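**Q** Dropping a structure here in structure tokens format, bear with me for questions.
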Amino acid sequence: TKYPLLKYAKTTYSASFPLTVTTHRSKKTTVSTSTMESRLLLRATVTGVPQLRRPIGAIHRQVSTASSFTAFAKLIGSVGEGGNLISGRQLRPILLLDSSPEKREILKPVRAAAGDSAGEAKVGFLGKYPWLVTGFFFFMWYFLNVIFNILNKKIYNYFPYPYFVSAVHLFVGVVYCLLSWSVGLPKRAPIDSNLLKVLIPVAVCHAIGHITSNVSFAAVAVSFTHTIKALEPFFNASASQFLLGQSIPITLWLSLAPVVLGVAMASLTELSFNWLGFISAMISNISFTYRSIFSKKAMTDMDSTNVYAYISIIALIVCIPPAIIVEGPQLLKHGFSDAIAKVGMTKFISDLFWVGMFYHLYNQLATNTLERVAPLTHAVGNVLKRVFVIGFSIVIFGNKISTQTGIGTGIAIAGVALYSIIKAKIEEDKKKGKTA
């Protein structure tokens, strides 16, 4: 030929993106710059195709037999952006330079289009109906919390050992966490000594608050315990003002006045009132207040599911010694035997298992719900949850309440709702001020 040193190869791509190279004899015309860009010098090497460098005679024979060979090369960029880079040169498929629509149709990435449409459908569903997912979280949070409180009180009616039952709650939750980690749902986050040091105070307060709450549940009506626990915002505000030195707006203090008044009214005429239940519920409020304080100091990048799992493990270790010391002798003497005689071994074990599952899941769902909604929405939801629990417990157990107790409970719940709304708005305004 007239150009013995320049032998070129056309490059084409199939739908699954293999690189097909066919050789041919160059024409006796001047090669333009665009044509040079669309062809590959025979000196270039393609990974996996060592036969590309061939004698000129071999190329002549290949032209006569119209044979071809295929090599696979990793694409850099999409086909529409100009193809591939091989040996530092960008190759532009000759099909893109051809005006034939039939040839251009070959380059359509069918699989990618299918995947994109599927992804759009998935994102579209979540974007179109987010309230369904959030509503499901709220429903399950309420449902599990109500079922836990009812089943928990039923257990105390025939097995009044709150220290042991509290440990069972945490034990079932820990087993659930370990099984979830074993299957990778979720994956266990590693923990170091520094994180462990900040989580231990949170877990200890969680354990104390959990035990004292159950002591109150066993001693008095569920509705009365939840009415007393409505004072928790008052203890939170007091701790923030006097222990942390944070300034609490006067509006928050005023919103707490009906909470204190309502709890006092309900306590004076509560038919199931006793000092053990009242004091235990108050200690629970104080413990959970300190848990909130330590939680703020223990902020971590670890997801909430793993954090709660580690807190449950530590809290279980804290709960076991009191259960053995306070209730161990009684349990071995007649506690277990009396419960089994009343309801049977199967129901006794199944009740303990399910109450532990409901306890762990409702707490985990409460945390997950908080991550999905604004603080104001979660605060209102938390108040409504307490209303649901009090209402269902009165209906299920047939607890008789006086008119004054009912009015006091309503005033306390209304005060908590007002406090939660004001506090959530203040926090949102702070966030907006920081981002502005």
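Here the Cβ of each residue, glycine as well, is placed from N, Cα and C on the backbone.
Model, not experiment: these values are computed from the prediction.
Copied straight from TrEMBL:
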- 133-420: domain 'Sugar phosphate transporter' (DOMAIN)
- 129-151: transmembrane segment (TRANSMEM)
- 163-183: transmembrane segment (TRANSMEM)
- 198-222: transmembrane segment (TRANSMEM)
- 243-267: transmembrane segment (TRANSMEM)
- 273-294: transmembrane segment (TRANSMEM)
- 306-325: transmembrane segment (TRANSMEM)
- 345-362: transmembrane segment (TRANSMEM)
- 383-399: transmembrane segment (TRANSMEM)
- 405-422: transmembrane segment (TRANSMEM)
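Could you tell me the structural context for the features on the list?
**A** If you take every residue in the domain 'Sugar phosphate transporter' (133-420) and average the pLDDT, you get 89.
Within the chain carrying the transmembrane segment (129-151), a Cβ under 8 angstroms from the stretch's Cβ atoms is held by residues 217, 222, 226, 351, 354-355, 358-359, 361-362, 365-366, 368-369, 372-373, 381, 384-385, 388-389, 392-393, 396-397, all 6 or more beyond its ends.
Same-chain neighbours of the transmembrane segment (198-222): 149-150, 152-153, 156, 160-163, 165-166, 169-170, 191, 228-229, 270-274, 276-278, 280-281, 283-285, 287-288, 290-291, 294-295, 297-298, 300, 307, 310-316, 318-319, 322, 389-390, 393, 397, 399, counting only residues six or more beyond its ends whose CB sits under 8 Å from a CB of the stretch.
Within the chain carrying the transmembrane segment (273-294), a Cβ under 8 angstroms from the stretch's Cβ atoms is held by residues 198, 201-202, 205-206, 208-210, 212-213, 215-216, 219-220, 224-225, 228-229, 231-232, 235-236, 238-239, 243-244, 267, all 6 or more beyond its ends.
Remote same-chain residues near the transmembrane segment (345-362) are listed as 140-141, 144-145, 147-148, 151-152, 154-155, 159, 165, 168-173, 176-177, 312, 339 (criterion: CB distance under 8 Å, separation of at least six residues from the stretch ends).
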**Q** Give the one range among 163-183, 243-267, 306-325, 405-422 whose Cβ atoms make the most pairs under 8 Å with those of the transmembrane segment (383-399).
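**A** By Cβ pairs under 8 Å, 405-422 leads among 163-183, 243-267, 306-325, 405-422.
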**Q** Using a Cβ cut-off of under 8 Å, list the residues of the same chain at least 6 residues beyond the transmembrane segment (306-325) that approach it.
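**A** For the transmembrane segment (306-325), the list is 163-164, 166-167, 170-171, 173-174, 177, 180-181, 186, 188-189, 191, 196, 199-200, 202-204, 206-208, 210-211, 300, 360, 363-364, 367.
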**Q** Within the same chain, where does the transmembrane segment (405-422) have neighbours whose Cβ lies under 8 angstroms from its own Cβ atoms, ignoring anything closer than 6 residues to its ends? I mean 6 or more beyond.
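**A** Here the qualifying positions are 223-224, 227, 230-231, 233, 249, 251-252, 255-271, 376, 379-380, 382-383, 386-387, 390.
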